[in-house]
Amino acid sequence: MTKDDLTWSPRALQLPAQRSLSASNLWVSSPIPTTGETPKDYTQPPAKLVLSPKTPPPRSGTYEINRYVLFCICCVLTVLCSGGLILGFGPFYTTLVQEKQWHELCNATSTTVCPKQEIRLQYTYSTSFLLLSAANAIFGLSIDIIGPRVSALLGLVLAMLGNILVSIGDSTVANGLGIILGYGLVGMGGMGLFLSSFQVINLFEAQGLPCSIMSSIFNISAYVYMLLKIPGVARQSFFESYAILVAICFCVCFLCFPAKNIHKPNKTIRVPGFNCYIPRPRKPTILLEGLKKTLSYGDLWHFAFFFGWLSLIMSFTAGAIPSIITKTAGQNFAKADIYINYFFPLISNSTYLFAPLIGYCIDTIGFRGVFAGCLLFTQLFLLTLFIPVLEVQLLGFLFMSIAQSTLYSLQFAYIMICYPSRLYGTLQAFITSASFLMCSLNYGINTIAQTYLDGDYTYVLIFLTIPTIVLYCFQRCVREMIEEEECHLVVEDEAISPYPFLASNHIFRLAIMATPKPSLAPLLKKLIPTCFVIGAGMEVFMVKTGFYEIVAKNEAEIRAVKRAEREEYLRRKQEKQVENQA
């Protein structure tokens, strides 16, 4: 027996039956986990099991795509469908005002936006930004559990529904719930696509620049709603047409997106294409365990507050700026319209101009300098809002754009570079959950400003500025790179789904196939007992032959090796620390 005969890996345990196409045309991946590093050698081969070391052939319908082509496709989809669409609130705001949405809440003689109407208008943006933060948490977890392709497709379905609701919504129906909820779903669904697109960045060795480009393109989406100001374009027809466009993007995403998370650089990647492949989900308990260990270091709490508070500032000011501009312009309504509809969305969302520079700064001067710069430009932006001069506030829009570009670049680059890649979605979920909680303050702040402060935002801006000054004292909490011991935090475990031999899996496949076809119900009734019998027979066969015991033993050996490697690494590190202290 040669050494090659004694060498095996977890991938080799994947039987042809486990790689076959199911009756429902759904591909399911192997239930046997893979590890970050394949054990080099084992002295005992698996008993009673003859395995082929050959790599399985590609599934039908799949193909390889170049990383640059895939990155460009993701950028185009992000521009058209990302959650950044809601950032173009200025033109949407004036469109609602011109349609007199919620104007029925004002006095009959009122010709301008009254406080009650302004509260509802700002609720539209506050709700959408809140759902945007919730989507970060939801889709961040879903990417780690079910993969980027399925997450992106689910997000685009929500975006289609949101566009339809905005097109048919009216303030006289359910107090404008269709407009508010629909606008929020546009952002929420688009965020699912956006976060899934970020997986492509892992294909590149140097991630700072592509990460900044992708995050800045998010804001280019805000320019789309400027099309609402084209003469003759109605809100209903615009959003109906956009729902169709999102459906087309759904098809492109289905054909081009990778099904599984990407963990290492590569020039090409194989994507499912026309294949209805669904990856086997990962256990959330593994991800939460990794999150707990990461939180024990403490610095992630700092970043959660940093990102959450600056997100609150950006969400509140973006919703309040149309009102601030209107008050600053006074009776010059034409000038106010130009600032709200064109200058504000164009300048405040020009983050793509600064993204390459920020990516360069991340790669050269490090994260601490970028964190400090983000705080500085946020403070300069807030300072300009205290000055009731439109030209000064125009400069503030530029500061806002730089601050946003820095913040969103940090949101993704900091997590991707300084923390374990397998926890990317889970950590994003934690960070954006903090943002969700803090952005919830928008409802109270808007109500207080309009009801008790007569629309004066001075005290609110002071309240928002103070924590940004305090954050300078916590610069030492900012990382520059991933801690070495965190590379060993996440150990793969078995998948959620049962083994393909179980009868329940066969019934599940048949149910999927028969659900859209009621005519197959009689056939399904006949096949279910057969599936039970076949599944039970196969299960008995596997138990009798000892297959499950062999798999469990092999998996236990792999985990034991990884655990021993990690303990040895920590032991050597501790010895080195003792030597340095001595």
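Any Cβ shown, glycine's included, is placed from N, Cα and C.
Residues or ranges marked as region 'Disordered' by TrEMBL: 34-57.
Taken from TrEMBL, the feature transmembrane segment covers 68-93 (among others).
What TrEMBL lists as transmembrane segment is 123-143 (among others).
Sequence-distant neighbours of the transmembrane segment (150-168) (same chain, 6+ residues past either end, Cβ-Cβ under 8 Å): 81, 135, 139, 142-143, 178-179, 181-193, 195-197, 235-240, 242-243, 246-247, 249-250, 253-254, 257, 259, 278-279. Residues annotated as transmembrane segment in TrEMBL: 150-168 (among others).
TrEMBL lists 174-196 (among others) with the feature transmembrane segment.
Listed as Cβ neighbours of the transmembrane segment (208-226) (distance under 8 Å, sequence separation of 6 or more from its ends, same chain) are residues 71, 74-75, 78-89, 91-92, 190, 194, 197-198, 200-201, 341-342, 345-346, 348-356, 358-360, 362-363, 401, 404-405, 408-409, 411-413, 416-417. Per TrEMBL, the feature transmembrane segment maps to 208-226 (among others).
Annotated transmembrane segment per TrEMBL: 238-257 (among others), in sequence order.
The transmembrane segment feature in TrEMBL is assigned to 300-322 (among others).
If you look up TrEMBL, you'll see 342-362 (among others) marked as transmembrane segment. For the transmembrane segment (342-362), the list of distant contacts is 84, 87-91, 208-213, 215-220, 222-223, 225-226, 229, 318, 321-322, 325, 369-370, 373, 394, 397-398, 400-402, 404-406, 408-409, 413, 417: same-chain residues at least six beyond its ends, Cβ to Cβ under 8 Å.
Taken from TrEMBL, the feature transmembrane segment covers 369-390 (among others). If you look at the transmembrane segment (369-390), the same-chain residues 6 or more away from its ends with a CB under 8 A from one of its CBs are 306, 310, 313, 317, 321, 324-325, 327-329, 335, 339, 358, 361-362, 396, 399-400, 402-403, 406-407, 409-410, 457-458, 461, 464-465, 468-469, 471-472, 475, 478.
Feature annotation from TrEMBL assigns transmembrane segment to 396-417 (among others). Remote same-chain partners of the transmembrane segment (396-417), defined as residues 6 or more beyond its termini with a Cβ less than 8 Å from a stretch Cβ, comprise 198, 201-202, 207-208, 211-212, 214-216, 218-219, 303, 307, 310-311, 314, 317, 343-344, 347-355, 358-359, 362, 367, 370-371, 373-374, 377-378, 380-381, 383-385, 424, 427-428, 431, 479, 481-482.
Per TrEMBL, the feature transmembrane segment maps to 424-445 (among others).
The feature transmembrane segment is assigned by TrEMBL to 457-474 (among others).
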Positions whose Cβ lies under 8 angstroms from the transmembrane segment (174-196), at least six residues beyond its ends: 77-78, 81-86, 92, 96, 101-102, 120, 123-125, 127-132, 134-136, 138-140, 142-143, 148-149, 151-152, 154-168, 218, 221, 239, 249, 253, 257, 425, 428
Close approaches to the transmembrane segment (68-93) from elsewhere in its chain (Cβ under 8 angstroms; 6 or more beyond its ends): 121, 124-125, 128-129, 132, 135, 156, 159, 183-184, 186-191, 193-194, 197, 200-201, 203, 210, 213-214, 217-226, 228-229, 245-246, 249, 252-253, 256, 258, 269, 271, 318-319, 321-322, 340-341, 344-345, 348-349
